[in-house]
Amino acid sequence: MTHMLWLYCFVFLLPTESCRMLCQVANKSKEKISARPHGVCDGVCVDNSHCSQPCPPDTQGNTGFLCRQKKWHKITETCRTLNAFNIFETNSYSVQPFGGNTIVKEYARKSETITDMLMQKCPEDLSCVLRNIRQSPRIPGNIAVIVQLLHNISTVLLTGVDEAKMQSYSIMANHILNSKSISNWTFIPERNSSCVLLHSVNSFARKLFINKYPIDISDVFIHTTGTTISRDNAGKNFTFSMRINDMGSEVTGRVLIGRDELQKVPAPSQAISIAFPTLGAILGASLLENVTVNGLVLSVILPKELKRISLIFEKISKSEERRTQCVGWHSLESRWDQKPCQIIQENSQQAVCKCRPSKLFTSFSILMSPHILESPILIHITYIGLGISICSLILCLIIEALVWGQVTKTEISYLRHVCITNIAATLLMADVWFIVASYLSGPVTHHSGCVAATFFVHFFYLSVFFWMLAKALLILYGILIVFHTLPKSVLVAALFSVGYGCPLLIAAVTVAATEPSKGYLRPEACWLNWDMTKALLAFVVPALAIVVVNLITVTLVIVKTQRATIGSSMFQEVRAIVRISKNIAILTPLLGLTWGFGIATVTDDSNLAFHIIFSLLNAFQGFFILVFGIILDPKIREALKRRVTSAKWVSRISECGALVYATWGSSHRRVNALPVLSNISRKHEAVLDSGAL
């Protein structure tokens, strides 16, 4: 009996003591883990190294860090409190003595299991998880769990979505769309979680059944409205007014369906619209996009027959200095796209967009450029400079016409002045068409006129560059080819082919290739498109290539000038430096080197100083051509002086003739005096032509 008692104690008490020891070890280990500070990595911080830390007690998951500049920065977090046990209001799945923990871990690991349990516990209205979801902290792990839950619900429920289910679904989404949770979206490892949320809400709303009465489900950060439409309606609109955060004022958005569009609906159909005040910021934060959504995100679920709707967005940031774009969310590529929308009207308060909904595009909004694209200073510089430039170019052409016969006596001077005259003429036309294009650009774009203006602006500005290239090639021809000369007619034909033929070919191909698909123009201005078709490259690539060639030409001129002064005296070297500086000053505007400064505005688009310098150099280019290409040319000055002097002599002789006429008074004497005056005038002109004066 005693042996049996000892055996009983050994069998039952030993495991108990072992359990006590194991519990003590576990508690010590837990205390050690809890004592470690959370959010701080233990390892040495080496640039681009990673480390992972466990989450605080009562949460599952871990936090990832990246070392930058000798400091640890949090980049990911999966800490969560929600799992298959505590997400439900009534916990019917109690812990079992054997294997219970395994079930908990499996449910927590597979969020679709939560969906299956949800469909079993409250399939009528999905409300059995709402209280605990509302009470859960909006930490990254919980946000990811709720996003996955919403995605699975929208996938599992194929039909039978009524107002009660939509109400519960909206409450779940509203919890993680809260403005206070935006920063936590950046730490979710799955960067596309916000895209999944948008797609899931739209997919679930598409299955919503609207009975006789309209549906209006309004939460703070998501608002759903639905109604039936038919061709008998005069028009439909959905109006939303929502707060972006707790402190800000309300921002409105409207979806308008015109009467003409409703005539395309063959039978009564459903129309649903959803507004999100914070989703735009969440999409930007989670995808790390360098764009700013400046209005509500409006989703529309419409019959496929409706191809065009109007949307009115009140701006969150009411700034007149930033460009607005109407965009649609590309559901496959997870990005904002300008293709389905165009801006119709805009002011500092709101923007009106025309959009084409489809399977790819069901959500729309407006974007605000992160940088200031237009400044009042730049606008004033541009238009004042253009006015001065146009007047200067007209004066250039007048002077060239006055002195043409005097300055084009040699072949090289003739070709040089052909280039200068055509540069001035094409730049004058380009500036005029630029002003026309600016007038046509506006809230309501005149499409046909805008296409024509863009074509001519593109053609004439390209012509300016190609005539500058022709002048550079002429300089190279004079420097490099000394003993072989081409006939004058061949050179003139070559210059005109380069100056007008190449730009015409490029401009024509560009408009022919992009305009049929409506990708020739920018939505907001009469200029070449960039976002859709990259048509702007048809101007940028030739212009920059010509600037590079012309820069090489100027370098060769400088080298050629320096070689002539090697071994010369100090005085001659100083004269050479002055001559080099003069050559650079003359050739820079004539060869368009100031346009090379545009590279700085591309590399640093936010720097206003670069834009101001670029605008000053190029808006006043016509003035620079007048000064450095015409006025500083000694031959033109001399010819102009002769012309003016000749005009003065003729004027004086005419005055003398009038005096003689008045003094003599008799017709006989007047007849005899006129041949004398005529002979004096002819002799004076002969002297001027001979160059003696």
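Every residue gets a Cβ built from N, Cα and C, even glycine.
Over in TrEMBL, the protein carries these features:
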type: SIGNAL; residues: 1-18; note: signal peptide
type: DOMAIN; residues: 230-374; note: domain 'GAIN-B'
type: TRANSMEM; residues: 377-402; note: transmembrane segment
type: DOMAIN; residues: 378-633; note: domain 'G-protein coupled receptors family 2 profile 2'
type: TRANSMEM; residues: 414-440; note: transmembrane segment
type: TRANSMEM; residues: 460-483; note: transmembrane segment
type: TRANSMEM; residues: 490-513; note: transmembrane segment
type: TRANSMEM; residues: 536-559; note: transmembrane segment
type: TRANSMEM; residues: 580-602; note: transmembrane segment
type: TRANSMEM; residues: 608-632; note: transmembrane segment
- Query: Hey, which bits of the same chain come close to the transmembrane segment (377-402), Cβ under 8 Å, at least six residues off its ends?
  - Reply: 417, 420-421, 424-425, 427-428, 431-432, 434-435, 608, 611-612, 615-616, 618-623, 625-626, 629-630, 636, 639-640, 643
- Message: Counting by DSSP secondary structure, give me helix, strand and coil numbers for the domain 'GAIN-B' (230-374).
- Response: 13 helix, 67 strand, 65 coil
- Task: Report, as numbers and ranges, every residue of the chain located at least six residues beyond the transmembrane segment (490-513) whose Cβ falls under 8 Å of a Cβ in that stretch; write 'none' if there are none.
- Result: 411, 415, 418-419, 422, 426, 451, 454-455, 458-460, 462-463, 465-467, 469-470, 473-474, 520, 528, 533, 535, 538, 542
- Item | Mean per-residue pLDDT computed across the domain 'GAIN-B' (230-374) | 86
